[in-house]
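Here is the structure we will look at.
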Amino acid sequence: MSFNKNNPNAMGKIMGYLKQLSTEMGGSEQTRRGQGDEERLYRTRGPKYARVPSRTTLSASTTCTSLATSCGSQGTLVPNYAAIPEIVSTESSSEDEQDSFEKTRRHFQQLRQISLGNEFKYKMEMEIKSAKDENLRNSVPFVKQLSTDSNKVKTDYTINGDRQPYNAPAKKRLYLLTQIFAAFAVSMGSMIVGFSSGYTSPALPSMNATLIIGKEENSWIGGIMPLAALVGGVLGGPLIESIGRKLTIMGTAIPFFMGWMLIANANGVGMVLAGRAFCGLCVGVGSLAFPVYLGETIQPEVRGALGLLPTAFGNTGILLAFLIGAYIDWSNLAFCGAALSIPFFLLMIMTPETPRWYVTKGRAEDARKALQWLRGKNVNIEKEMRDLTRSQAESDLVGGNLFRQLFTKKYIPAVLISLGLMFFQQLSGINAVIFYASAIFKSAGSTIDENVSSVIIGVVNFVSTFIATVLIDRLGRKMLLYISSVAMIVTLVTLGSYYYVQKVGVDVSAYGWLPLACLMIYVLGFSIGFGPIPWLMLGEILPSKIRGTAASLATGFNWTCTFIVTKTFLNITEVIHMHGTVWLFSVICLVGLFFVIFYVPETRGKSLEEIEKKLTGGSRRIRNINANKQIQNGC
């Protein structure tokens, strides 16, 4: 083939122009290039790769190379693609022309390799990213591998040092509307729980006037609810694991309605006790399921504030029972409790199941949809979804009986902390104060009417929870527990002293306001710390593998303590008198303060996965397991 600018063949014409340009720049091509550059140009780089020369020349061939340099691709390792087939011509050509054509053709081949290589690399990176996303959704083994690489430096996928816009991480956004709605729906159930707890204080006086009730039956009306809640707490754990958090919570609305209707239409003590038992069963299930649901749906930045919403609504329910009970009798008050179940049921229908429960059941796509609904449709949820699946994969590595795992070395710290918080919450005596508020004020000889005092306590209980909502994400859980413990210790010691001085015959009529003041500060201190935080931390510190079972155990233990305190309060006061009972509660609060100082972790601003790793050392154990496997495979 003849190479000149008048050649009708397109390739030949291009080569002719390039050869002429090279000749005009001076000297023969062989003289300018030198043997060293020739060897470096075609030196092989393994069986699949070749390198573009880094030193430019003014030859026709390196003019092509300069085009690659301007594109920012010179010196890049690229795959060797199939060579461009040589166009065979029947025309005669000289040996120099053939040699020049061969060199120039090879340089065009190099340029083509650079171009195709960049395209190949870009496509490969996109395919890798797509495969990772797909495996993350569908492959547990891949997620397990991610858990071992979580602390490694992530690969920076760039092309020739230029970062691609498609790989830029999305900024984390906080979308609150749907999370507030979910917390509000769950909290309506908590309002019924509070209404059930505060019902006996205003209802018992009017009930005694209508029905024939003895002293022992009075104590059972107050104590049957926590006893039934104990059974509900035990049943709640398997329920939230088998049918889900949402269905379990929504299902409590029906027994709640039935229980209140039994009480409202009761013509004897038996129906009242049956209705209280129904309500207590739902109280036990709900008190377990509410914090677990909110802990798994709300983001760490607002989990403290929104996680206290059920407690705030529970205190609202107590206040409603006190306020309405001051004006209507026990039967109509029970009808009000039944009415609260209807909006609770309707709101729960519109909320989603928790993404974490979907992940435990292998329903990754449902988990993604639920998480997207909670975080907002325009929020990137990939990182949170990846953390969920990784945490579940780590939990799945540990098999065996769940009840036995509760007291293994890995999980026992979290379980004992939960049980300890529940113990000190109830043994502080709060339910005795709420259930028998009117009786306490009457026995203290307070100058303020006992019904008015009960309403004031309910208002303080209501307001203080909102104070805790504002402070919990600023001061942290432990600081509020410190304040709560000190406030309860001081007020219980003071109130016990008042009762003691009254018993020994000292005139305390000038200090008739003191019992109300002490109980107001006591309830305020309890409601900003030991009231809501044990339930909030129940959904935070329990590992996902045992969350349902451990929450069931902690809730059952809580209601066991509640039943003991409520049922025996009147009996204890007969043995060691009121001042001794109050001082006993203060000593328990003091021990609880030291328990918080030495054993309770701070969870403010931490994700559930971070808290779990801190308490169980999960990621370290996973790395050790995989390291042992690699050693065995290597051997």
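If you go along the chain as it appears here, the first residue is 1 and each next one adds 1.
Including glycine, each Cβ sits where the backbone N, Cα and C put it.
Residues or ranges marked as transmembrane segment in TrEMBL: 174-199 (among others).
Summarising the annotation, TrEMBL assigns domain 'Major facilitator superfamily (MFS) profile' to 182-604.
What TrEMBL lists as transmembrane segment is 219-240 (among others). Same-chain residues lying 6+ beyond the ends of the transmembrane segment (219-240) with a Cβ under 8 Å from its Cβ atoms: 196-197, 200, 204, 207, 213, 248, 251, 269, 272-273, 276-289, 292, 357, 431, 435-436, 548-560, 562-563, 566-567, 570.
The transmembrane segment annotation in TrEMBL covers 247-267 (among others). Long-range Cβ contacts of the transmembrane segment (247-267) within its own chain (Cβ-Cβ under 8 Å, at least 6 residues beyond either end) map to 186, 189, 192, 211, 236, 239-240, 274-279, 281-282, 285-286, 289-290, 293, 330-332, 334-335, 337-338, 340-342, 344-345, 348-349, 353.
Here TrEMBL flags 273-294 (among others) as transmembrane segment.
Residues 179-180, 183-184, 186-199, 201-203, 290-291, 294-295, 298, 333, 336, 340, 434, 454-455, 457-459, 461-462, 464-466, 468-469, 472, 527, 531-532, 535-536, 539 of the same chain lie 6+ residues outside the transmembrane segment (306-324) yet bring a C-beta within less than 8 angstroms of a C-beta in it. The annotation transmembrane segment is assigned in TrEMBL to 306-324 (among others).
Within its own chain, the transmembrane segment (330-351) is flanked in space by residues 181-182, 184-186, 188-189, 191-192, 195-196, 199, 202-204, 206-207, 210, 246, 249-250, 253-254, 256-257, 260-261, 263-266, 275, 279, 317, 320-321, 324, which lie at least six positions past its ends and keep a Cβ under 8 Å from the stretch. Annotated transmembrane segment per TrEMBL: 330-351 (among others), in sequence order.
The transmembrane segment annotation in TrEMBL covers 411-440 (among others).
Per TrEMBL, the feature transmembrane segment maps to 452-472 (among others).
As annotated by TrEMBL, transmembrane segment applies to 479-501 (among others).
Long-range contacts of the transmembrane segment (513-538) within its own chain (CB-CB distance under 8 A, at least 6 residues past either end) are made by residues 287-288, 290-292, 295, 303-304, 307-308, 310-312, 315, 417-418, 421-422, 424-425, 428, 430, 433, 437, 440-441, 444, 446-448, 453, 456-457, 460-461, 464-465, 467-468, 471-472, 477, 480-488, 490-492, 494-495, 498, 551, 554-555, 558, 592, 600, 603. Feature annotation from TrEMBL assigns transmembrane segment to 513-538 (among others).
According to TrEMBL, the feature transmembrane segment maps to 550-570 (among others). Note on the transmembrane segment (550-570): residues 215, 219-220, 222-223, 226-227, 229-230, 232-238, 240, 283-284, 287-288, 291-292, 406, 411, 414-415, 418-419, 422-423, 425-427, 429, 431-432, 435-436, 534, 538-539, 542-543, 581 of its chain, located 6 or more positions outside it, place their CB under 8 angstroms from a CB of the stretch.
Annotated transmembrane segment per TrEMBL: 582-600 (among others), in sequence order.
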Quick test of the contact rule: Cβ under 8 Å, at least six residues beyond the ends. What residues does that give for the transmembrane segment (452-472)?
198, 201-202, 304-305, 308-309, 311-312, 315-316, 318-319, 321-323, 326, 433-434, 437-438, 441, 446, 480, 515-516, 519-520, 523-524, 527-529, 531-533, 536, 604
Mind checking which residues of the chain, 6+ beyond the ends of the transmembrane segment (479-501), have their Cβ under 8 Å from one of its Cβ atoms?
428-429, 444, 468, 471-472, 508, 511, 514-515, 518-519, 521-522, 524-526, 528-531, 533, 577-580, 582-583, 585-586, 589-590, 592-593, 596-597, 600
